[in-house]
Every structure is written in structure tokens, then in C-alpha cells.
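So the structure is just underneath, and the comments pick up after that.
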Amino acid sequence: DFLCISLVNGFMQLRYNLGDKTVILQSLQRIHANRNTWHSLKAGRVGNEGYLDLDGINVTQKASPGMNALDTHTDFFVGGVSSLNLVNSMAIENEPTSFSGCIREIVINNRELKLTATDPKGGANIGDCDGTVCGYTVCKNNGTCQVENSGFSCSCPQEWTGTTCEQSIHCSQNMCGSHALCIPQPSSFSYTCICALGWSGKYCDSKIKFYIAKFVGNSYIKYTDPYYRKRDLQHSRISLNFTTNQTDGLIVWMGKSEDEDNDFLAIGIANGTLKVVINLGERLSVPLMHSKYFICCDGRWHFVTVVQNQTCIKVYLDEELILFEDIDPQRKYTALNYCGICYFGGFEIGRKVNIVTTGLFQKEFIGKIKDVVLFQDSRKIQLMKAEGYNIHDGNSGN
């Protein structure tokens, strides 16, 4: 399998092979090599359907039946490869040659690659393309960079301030404590303090303990399983108690959630009913829905357990077996490689649930969670010792 973007006779080309045939897309317009113009390129695939967008002019190729996953367990190369004979003969039109020019702002699956001298794994014969101390991302939030004798300065839009326009003006005089994030509220010309796990109060200066975690919508807990390396990932299990008065929300997501190919097990509420989604490989997400009765809005605690025995999934709600399904009788993928990461209630600040889960779940969780047990562990996990923000003590009040 491969995915390759190249410049061919002045045209941009995207070629990819998912295991059956090579798909070729080419830009409609030619690039004129004048070294003064930056071009914007967006290329990729959804399943086995490809797209190539050069400077806003889009080319797509309708998918035909076939493979729909890219299996490339290799390094990611930009501008060339360590040895040109490594390039698949179908990946380019002519003999392979390295790229000569400038490249900036590479984003893979919504994550930017840092093109610095130290961040990549390796490389050779790379220089500074901008030639100044400015570069393209020195000034944040659409600030304008000017070269000065002593370095550079940023001219910031009126909503931002700081050396690199990194700080909202609404947070420039904030009183948030050291265990808080300042979140600007432009509509009210103010800010709010989002407290780190174990802290509370308007300015996050009051230390708290909790055994029941209360989520308020922009909350999350990220727990790292210390026993992950010792787990039998073909036989996973998670159980917890929750209560909510909302009809939608993500309760737990076992998995890294960094890109579309990560394995995961997810539990949440959709339209007032329980929804469980499993992905053991190749983005084969299998949603399991239980619509026998609503489990929101009743103020009751509900006990849910999900058991994965290779490809067989059992879901228990309030100690009743409500779902039992073999999601892949072919047994192609049988292990839940969740990398020891469990999210509760949502994801990091700024990462929206509906985007990260590609629409599988719509909202962050609002409600309470307690008594989380992984696998057959004899102890509940200590949510207090995880990382997270905006978690309240569910023991006190409502």
C-alpha cells in the first residue's frame, strides 16, 4: 500500500494503492515555477474515494468497490526518501527525483507536523526557506510579523496581545490560579477559569477531593492505564456507574483518538438510549444501539459493563444482558489496542466530541461517573490521579 503526492510536468498528482489497484488524480491546472508564489494543496481519501485540491480547484474520483484502508507501517517522508529505489514504481509517473522547493504547514489528519531542525525523526540537505526570523507561524492568531534589527515583532489583531499574539486581551489581566486555564469570553469582554483536576472555585484556588466525578459539558478526564502492557487485549472489559439528565453525551472512549485508524471502545448516550461503538482495526466501527428504554433524564444511577471477547461483544445495563453480537465472524482483528488511554466525558479543551468521533457521538457528557473498573481488576481506578479539567465533586449537591 502507498499514498504519494508528486509534481509531474508541472501538474500535481495524487497516487494511492490500498491493496488492489492504483488510483491516480491530477490537478486541472499547471503550477508555474516562479519561486515567488505559495500554493495550497489538500489531498487525501475517504475510504477508497480520493480528492485533490490545488489552490481551491478540486478534483475527485468516485470510489469503485474494493479495499478502503491504507496499511502503511512505515516512516512518513517529505520532499524525498532516504533511497529513491524504495519508491514503488506505480507511485510516480517517471523516474523518482527529490523535490526542490519550499514546503510549509503540513497537516496530516488534522495534526500539524513540525518542520523544524529537531522535531522530525531524520532528514538531509534541508535549509531555512523563509530566510528570516519570521517564518509563517511566529505570530499567532493572524498576527503580522516584521523583521527587526534585534529579531522580530508582531502586529496583533485587536483581540490578541503578547510577544507573538498568543494571549487573548480578555485574559491579559486574568486572576486564574496556577492550576487553571484562562478561557476568554469575548461576548462579555471577560474570561472564565477552567480548573485542573483536583481544584475548584472561581479562580481554581480551592483544592478538592472526589470519588464521584461530575461533568458539566466542557469537562474531561484522561486516564493512563499503568497495567496496559500486561493486559490481554483480546479479552477487554470496562464497567462503571453513571447518571445524566441529557439525551446525548460521550461517557467513555478507550483509545488514543489521534487519527482514524486508532482502535477504540466507546460508550455514550444517543437520543436518550445507550450506544456502544467498537473498532478493532481498519476503521470498521460497529455501533451497537439499545432502544428498549431511555436511560437519561430519570435521575437514576445506571450500571453499564462492556465485555469484548475477541470479536464477540456483550453489553450489560443494570446487570441485564442487553446486547450480544459478533462484530466480525471472520476474526480478522481480535484485539483492542487502546494504548492504555481512557477518556471520560470528552476530550482535551478545544477538541469537540462530534469532530473527534466523526459524528459517532454529538456532545460532551453532562452528569456523574463513579466506580470505574478496567478488565478484572480488584480495585476501581482512581480518577483523581488522572489528568483533566473542569471536574466537580459529585458527592456534594446535585
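Placed from the backbone N, Cα and C atoms, the Cβ positions cover glycine too.
Those TrEMBL annotations? Automatic predictions, nothing curated.
TrEMBL lists C102-C129 (among others) with the feature disulfide bond. Counting only same-chain residues at least 6 apart in sequence, those with a Cβ under 8 Å from the Cβ of C102 (disulfide bond) are W38, C129.
The disulfide bond feature in TrEMBL is assigned to C156-C165 (among others). Counting only same-chain residues at least 6 apart in sequence, those with a Cβ under 8 Å from the Cβ of C156 (disulfide bond) are C139, N141, G143, G162, C165.
Residues annotated as disulfide bond in TrEMBL: C176-C193 (among others). Here C176 (disulfide bond) comes close to C182, Y191, C193, Y203, C204: these same-chain residues lie at least six apart in sequence, with C-beta atoms under 8 angstroms from its C-beta.
Taken from TrEMBL, the feature disulfide bond covers C195-C204 (among others).
Averaged across the domain 'Laminin G' (1-129), pLDDT in this predicted model comes to 84. According to TrEMBL, the domain 'Laminin G' annotation covers 1-129 (among others).
Counting residues per DSSP class in helix, strand and coil order gives 0 helix, 12 strand, 25 coil for the domain 'EGF-like' (130-166). The domain 'EGF-like' annotation in TrEMBL covers 130-166 (among others).
Residues 158-161, 218, 221, 349, 383-384, 386-393 of the same chain lie 6 or more positions beyond the ends of the domain 'EGF-like' (167-205) yet place their CB under 8 Å from a CB of it. Annotated domain 'EGF-like' per TrEMBL: 167-205 (among others), in sequence order.
Marked as domain 'Laminin G' by TrEMBL: 210-398 (among others).
Within the domain 'EGF-like' (167-205), the DSSP-based counts of helix, strand and coil residues read 6 helix, 17 strand, 16 coil. Here the disulfide-bonded residues are C129, C165, C193, C195, C204, and the one with the most other Cβ atoms within 10 Å of its Cβ is C195.
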